[in-house]
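Working notes, structure below.
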Amino acid sequence: MIDRYKHQQLRIGSVSPQQISAWATKILPNGEIVGEVTKPYTFHYKTNKPEKDGLFCERIFGPIKSGICACGNYRVIGDEKEDPKFCEQCGVEFVDSRIRRYQMGYIKLACPVTHVWYLKRLPSYIANLLDKPLKELEGLVYCDIESYPNFSFARPITKKPTFLRLRGLFEYEIQSWKYSIPLFFTTKGFDTFRNREIYTGAGAIREQLADLDLRIIIENSLVEWEELGEEGHTGNEWEDRKVGRRKDFLVRRVELAKHFIQSNIDPQWMVWCLLPVLPPELRPIIRIDGGKLMSSDISELYRKVIYRNNTLTDLLRTSKSTPGELVMCQEKLVQEAVDTLLDNGIRGQPMRDGHNKVYKSFSDVIEGKEGRFRETLLGKRVDYSGRSVIVVGPSLSLHRCGLPREIAIELFQTFVIRGLIRQHLASNIGVAKSKIREKEPIVWEILQEVMQGHPVLLNRAPTLHRLGIQAFQPVLVEGRAICLHPLVCKGFHADFDGDQMDFKVPLSLEAQVEARLLMFSHMNLLSPAIGDPISVPTQDMLIGLYVLTSGNHRGICVNRYNPCNRRNYQNQKRSDNSYYKYTKEPFFSNSYDAIGAYRQKRINLDSPLWLRWRLDQRVIASRETPIEVHYESLGTFYEIYGHYLIVRSLKKKILFIYIRTTVGHIALYREIEEAIQGFSRAYSYAT
């Protein structure tokens with residue numbers, strides 16, 4: 001449905017009989033009103049065509065083939081010159097056959113029927129609103145005279161003396177009435193009394209719901225709740241629990257009444273007079289081998305409802321000669337048939353077919369993982385999507401993700417085909433697919449061009465908040481797993497222990513704009529709930545930062561005078577003997593040389609080294625004394641401290657300063673420095 005703000009939405013709830021009639025009823029061009037399903041038949045056994053006024057009637061639900069009526073005549077759809085727009089012989093409109101996916105019908109019930117979801121599901125909405133025990137209402141609905149009366153007195157509709165007015169004159173209720181009154185159901189003249197003052201079955205429930213004033217219910221419930229609260233504890237545990245349960249019931253009753261008022265729902269709509277019939281394409285008949293037809297369970301349950309409803313209609317037409325108990329039994333059968341259609345097995349033993357197989361009711365069709373909502377509407381499989389395991393991609397940018405080549409070529413295959421044809425590298429789709437199967441080099445070049453203009457959406461179930469689905473710029477990677485930056489894992493509540501994520505390609509221009517402007521991962525650095533940073537180092541990143549900056553903290557003395565420390569120094573085994581050659585800690589004039597030496601595997605990540613420091617950034621402590629002093633032949637000397645080294649001239653002027661560090665510290669420092677400089681430039685541009 002579409003609201004007044006033109007927002008498409010889906011709302012599930014009770015509807016009025018007028019709304020059901022408006023959905024299912026249509027007026028043909030000749031003025032005939034159709035929509036009511038009166039026959040339990042499906043297809044004729046000789047012609048294999050839908051029966052008129054049956055569950056697959058073409059007059060009610062539309063033609064099976066677009067533009068072809070039941071007689072076989074053909075008209076062009078949408079052509080205004082074609083006249084008439086429906087067949088005068090069979091009454092079928094010349095419209096698109098897709099109308100059979102959404103055109104509904106209805107069954108006019110011979111007696112009111114309660115909706116089993118509102119009666120039997122816990123908590124029972126009908127029992128809560130009427131403030132009556134559920135068993136009493138079930139005895140009324142299902143005509144169980146042994147436990148509860150199967151009738152209810154109606155309010156007086158005239159000012160004349162009635163049995164109900166006479167009953168109200170008595171001070172006490174005569175309990176024997178509810179057993180003696182049904183004995184008069186077969187007497188002459190009782191039909192007038194029954195129709196005027198007595199309701200049975202679901203009709204009694206509907207009248208009681210129609211008499212309710214929801215606002216008065218709210219006021220009375222609040223007053224009673226306050227009175228129970230003022231009484232306090234009685235000291236009797238049983239009584240206190242009883243009072244607590246009553247207070248909880250009053251709260252639920254108030255909330256339910258408020259919901260009905262806010263959603264503008266009349267409580268009597270929980271009792272049906274018109275039963276909606278689903279479109280035939282949602283309960284199809286399939287032709288199997290041998291020419292046999294296999295019907296869906298929903299259609300079979302509809303047939304049972306129509307059979308029993310037609311039987312009740314015939315009994316009511318001959319009500320003068322039909323015993324009242326027989327009518328009530330048939331009303332019970334209609335109620336049970338509708339209950340089975342909506343929720344098979346809710347009242348106990350489910351109904352089965354001839355092969356002892358349980359019928360699949362409407363509740364079974366829509367609920368669960370394989371139901372209509374979760375499988376077909378909400379979580380259905382769509383094109384341009386896939387799923388794979390996620391692994392860490394440490395070399396990726398925050399807004400990028402790595403797609404395996406095998407997945408990417410299938411995901412963007414249509415775009416690659418279009419690119420091959422546009423660049424005249426393939427004459428048709430078949431040739432383009434052949435090039436893709438052979439994995440020619442030009443295919444990967446076009447694929448990379450296509451991926452640059454198409455972001456992908458990554459989602460990890462369950463999507464509990466907005467950051468559960470984010471946009472990324474895809475890049476090609478080897479393997480079969482999706483590579484993801486570890487900083488974005490917290491938003492997805494994901495880790496790299498086998499988690500899977502699905503990805504989709506936004507196709508429309510609006511979706512791509514939304515992905516780039518609102519959903520990119522580098523645009524969602526803060527939690528939308530509390531504003532705290534969401535992209536923070538966790539797990540693998542924390543371990544990596546620790547390893548990167550761990551180094552060797554045992555001090556210069558231990559490292560320098562421990563020749564057995566083979567990891568932190570390059571100890572090379574000589575060919576002439578078995579001892580290890582000791583190599584001094586290397587000196588580097590800048591950080592680029594140090595990182596270059598690490599990439600050439602001349603030093604390790606945590607190997608101590610001396611890095612030249614700027615003279616304007618002093619690291620000398622005021623009272624610190626050097627550990628060693630080395631003198632050169634030209635007069636210069638080195639003052640070696642715990643974590644730095646000073647080179648002085650003959651006149652004790654500081655020439656150079658070296659700090660003792662590792663490649664890991666240098667790499668982290670450079671990343672922080674670049675980030676600060678980038679932030680400073682962005683801030684200067686903004687101001």
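Positions of Cβ are set from backbone N, Cα and C atoms, glycine also.
Summarising the annotation, Swiss-Prot assigns Zn(2+) binding site to Cys69, Cys71, Cys87, Cys90 and lists sequence analysis as the type of evidence. Within 10 Å of the C-beta atom of Cys69 (Zn(2+) binding site) sit 22 other C-beta atoms, taking all shown protein chains into account.
Using a 10 Å radius centred on the Cβ of Asp499 (Mg(2+) binding site) and all shown protein chains, the other Cβ atoms total 17. Look at Swiss-Prot and you will find Asp495, Asp497, Asp499 tagged as Mg(2+) binding site.
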Per-residue Cβ crowding (10 Å cut-off), top of binding-site residues Cys71, Cys90: Cys90
Which of Asp495, Asp497, the listed binding-site residues, has fewest other Cβ atoms within 10 Å: Asp497
Inter-residue Cα distance where the pair is Asp499 (Mg(2+) binding site) and Cys87 (Zn(2+) binding site), in Å: 59
Nearest of the binding-site residues (Cys69, Cys71, Cys90) to Asp499 (Mg(2+) binding site), judged by Cα-Cα distance: Cys69
Cys69 (Zn(2+) binding site) and Asp497 (Mg(2+) binding site), distance between Cα atoms, whole Å: 59
Cys71 (Zn(2+) binding site) and Asp495 (Mg(2+) binding site), Cα-Cα, nearest whole angstrom: 63
